[in-house]
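Q: What TrEMBL lists as domain 'Response regulatory' is A:4-119. If you look up TrEMBL, you'll see A:Asp52 marked as 4-aspartylphosphate.
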Amino acid sequence: MAKRILIIEDDPGILELLELIFESDGYIVDSSLTGKSVNEIMKLNPDLLVMDVRIEGYKLTGDEICAELKAFIPPNGIPVMLLSAERNLPEIALACNSNSYMRKPFDINDLLETVGKFWK
Amino acid sequence: MTEDIINRAALTGIDQTLFFRVVESTNTGIVITDNSLPDNPIIYCNPAFEQMSGYKRIDIIGHNCRFLQGKDRKQAARGIVHEAISNGRSCVVEIRNYTKEGKLFWNELYISPVTNDEGVVTHFIGIQNDVSSRKKSQLELERVQIETEKLVIERTKMYQESQDFMTSIVETLRESLLVIDHDFTILSANAHFLNTFKVSINETKGRLLYDLGNGQWNIPELKRMMEDILPTNNPVLDYEVEHEFPHIGKKLMLLNAHRVELEGQYKNWILLAIEDITERRAVQQRKDDFLSIASHELKTPLTTVVGYLQLMKRLMPAEASEKFRSIADKTERYVHRLNHLLSDLLDVSRIQTGNIEIHKEPFDFDKMLIETIEGIRAATPQREILLKGSVECQCNADESHIIQVVSNLLGNAIKYSPDNTPVTVQVTKISDVIKFSVTDKGIGITEADYAKIFDRFYRVAEVQRHYSGMGIGLYICQQIILNHGGTIWVESKRNVGSTFNFTIPIQG
């Protein structure tokens, strides 16, 4: 059964690229150009959330959404991967309890390999 | 009269022949002229005069005395002589005469009239002394006096000029200057100071530095340093002060203060130079902001380009031509280079704004080194990279930053040396530091460039011609190592090679 990935990314070019990458590797992709609330995310219930840190025009940043999602009770078990050009991304990822992170610009092979690890 | 003379002569009991012998023997020149004859000619001169003038008696008898002045006619003394003779009076002059050979001699001339019984001047007698040496010293003295006076005038003028010159420099300088007395009262302030701080000279001169304005210079740290200047001669160098001024707003100033030294003597004065760096700092800030925003904005499209390129390669049909694949590879390589340059720019802008963040955590230095070298070997398989030594310890430092430095130095060593030469990496644990060195057999660096190559955007001219780049890699390395409390340096020999070294404390 194909895994479902939700992508939150405010740059249309990168969003489309991510869609293409994941679809070409056999994933089902949901995507959003703007931020989503924890409730919306939980309703979609993806197998993985890939999310930018800076989300233009949204009230929360990616890491803030992640922190809320991870703090939700009962736990929803949705894994998060932050995807950003922030230099201190490791610290941001650690602080918001995200499961993984990847720096932009990314290498496709690295990206698919990291994502693949979630269900091995 | 004549009788009188004869009587006087008889009284002395001396005959006239003796008188003649006396005149002939004296070493004072004597000339007698006959005033009754036209043009008052010489009728007698004694041997002393012959000696003095070089003329023989026979040469001059019958001549007026004026030939003695040669062509030197414009002498005041001649007028005096002329007047005395015309009026039958005596006179004393110093007159320039010339010998037969034309040599000047100063003649101290006593002219006296000789009268007959009727009181008529019949003759003149000239008593002559060569006073050239005396005159010479006298003239020399006068010359020296004149020279001295001239010199004094000149010196005074020069002093005045240099004073004016100094004043014009001080007034023209686009830097505020204050001269402060030992008790910190202001002795003078230049125009730039008055204009910058919108104060008048009356509000400044004679007042205490710390009382100026609303006490804005009353800064304890500055006070301490200023009070240290006179006892120790230690200057205040580049001390930054930020202050909100009532009329001119917030100013950032750079202060330099020195003890005044005049002609090698320390005075009990202090020269305080105040440079307004508000605008300069603001420009720097704007530039850094621009650099940061520009590089960040460029990263987004670059991420897309890199991704699409990789995706294109993944989706490339099996039947795609070799040429097509090669073009895709090349495009990818150049895009990666662009990405590296952008990362460097981002790093520089971060360093400039003081945002370089060092996150120290213990890591295995040897393992990090081996992995980094492996990564570089994979990218340049044709190059021989030798690793010597190990430190066998955990190092408390920012691993990703240290990897950046190692990759940069190793990358440079490979880039700037011939393909067939090896690159050697040496690591050693020395006391409580790790020393890393990488040696290449490249073109080397001149000693003049040793320090400069770590400057931002500095590129060695020769390197610039052969290799592209922005010259910020070594600057970033240096900033990272300095932020770790370490040192970085180069040793090199032209056409032999270079060794880049850094040390970092093991305990961080």
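Placement of Cβ uses the backbone N, Cα and C atoms for every residue, glycine included.
Curation plays no part in TrEMBL annotations; they are all automatic predictions.
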Q: Let me know the model's mean pLDDT on the domain 'Response regulatory' (A:4-119).
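A: A mean pLDDT of 92 is what the model gives the domain 'Response regulatory' (A:4-119).
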Q: For the residue listed as '4-aspartylphosphate', what is the tally of other C-beta atoms lying within 10 angstroms of its C-beta?
A: 25
Q: Please list the DSSP helix, strand and coil residue counts for the domain 'Response regulatory' (A:4-119).
A: 49 helix, 23 strand, 44 coil
